[in-house]
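If you check TrEMBL, you get these features:
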BINDING   Gly162, Arg163, Ser164, Ile228  NADP(+) binding site
DOMAIN    6-117  domain 'Tetrahydrofolate dehydrogenase/cyclohydrolase catalytic'
DOMAIN    136-276  domain 'Tetrahydrofolate dehydrogenase/cyclohydrolase NAD(P)-binding'
Amino acid sequence: MTARIIDGKAVAATLRAGLAERVKSLGFAPGLRVVRVGDDPASGVYVRNKDRAAQQAGFDSATIQLPEDTTEAALLAVVRQLNEDPAVDGILVQLPLPAHIRADAVIQAVDPAKDVDGFHAINAGKLAIGQPALTPCTPKGVMHLLAAAGASLRGARAVVLGRSNIVGKPMAALLLAADATVTVVHSRTQNLATECRRADILVAAVGRPELVRGDWIEEGATVIDVGINRLPNGRLVGDVAFDEAVQHAGAITPVPGGVGPMTIACLLENTLEAAIARRGA
Ligand SMILES: Nc1nc2c(c(=O)[nH]1)N[C@@H](CN(C=O)c1ccc(C(=O)N[C@@H](CCC(=O)O)C(=O)O)cc1)CN2
């Protein structure tokens, strides 16, 4: 079997075009502010791409760039100012932050109504108990990809590889809400390969280049690769050994061009949702 490739760039472009149409009909431009601290080069690329995508879709978007030696107190003051600004609907603090800043303190300082990353404990808690919430962009993007691929989730065995607050845990909650039977596995799980082989739907989000081999994949399974790992030779690979996996999966996302573009499209979707909820539009 050779898997069908799930084209994240195309799905993201369609989602962004639909959002741009909805923004046009709003009569105001939803406000997004992305805060970047320091000079991490990958973050620089992601933040520029977010800003460009937001502006193209008609959002009022700007990046606030702060120096590497910004103190936690100074960053918290910026977040508080954005919380108070009525023109701002969505706030995102780009991660990773420099080591001297406690990321969690910053995440919990964002007004939950403007938390377009969906990382605040209020939004994470609502998602966990099945209430409407701003939902983390990457797992939300995965759900869009699964829908675009025609994956049927009800009663399917879904395995999430990774247990981060940003991807693994919210991913499991979203799949559970869609009636999948969900197992979360991680670096300490015994017999990872055997666990993964049980999956009809496998979401790999563990941050280990090409950890998932072809023989970890059930014939015909849908494989979503959230990993974005840069090898020393500069090549970008996922958490799944794509050339092997494509021989077993029924459908698979590539890296690049799979989940990554969806993360940005879903940030715009969250910002529009936050704007509508805040302004009663
Ligand atoms: N505050 C947040 N920080 C981070 C998040 C997040 O959701 N919120 N996620 C990641 C980075 N990220 C968005 O911020 C992100 C990563 C990758 C892509 C993407 O489009 N990747 C391309 C490849 C790009 C390349 O060449 O490097 C792809 O996969 O096709 C978008 C967004 C960590 N931080």
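Here the Cβ of each residue, glycine as well, is placed from N, Cα and C on the backbone.
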Sequence-ordered binding-site residues from Gly162, Arg163, Ser164, Ile228 with Cβ under 6 Å of an atom of ligand 1: Ile228
Cα-Cα distance maximum in Å, computed over every pair in Gly162, Arg163, Ser164, Ile228 that the record assigns to NADP(+): 16
Protein Cβ atoms within 10 Å of Ile228 (NADP(+) binding site), excluding its own: 19
For Arg163 (NADP(+) binding site), the number of other Cβ atoms found within 10 Å of its own Cβ: 18
All-chain count of other Cβ atoms within 10 Å of Ser164 (NADP(+) binding site): 16
Counts of helix, strand and coil residues, the domain 'Tetrahydrofolate dehydrogenase/cyclohydrolase catalytic' (6-117), according to DSSP: 54 helix, 19 strand, 39 coil
Other CB atoms within 10 A, centred on Gly162 (NADP(+) binding site): 23
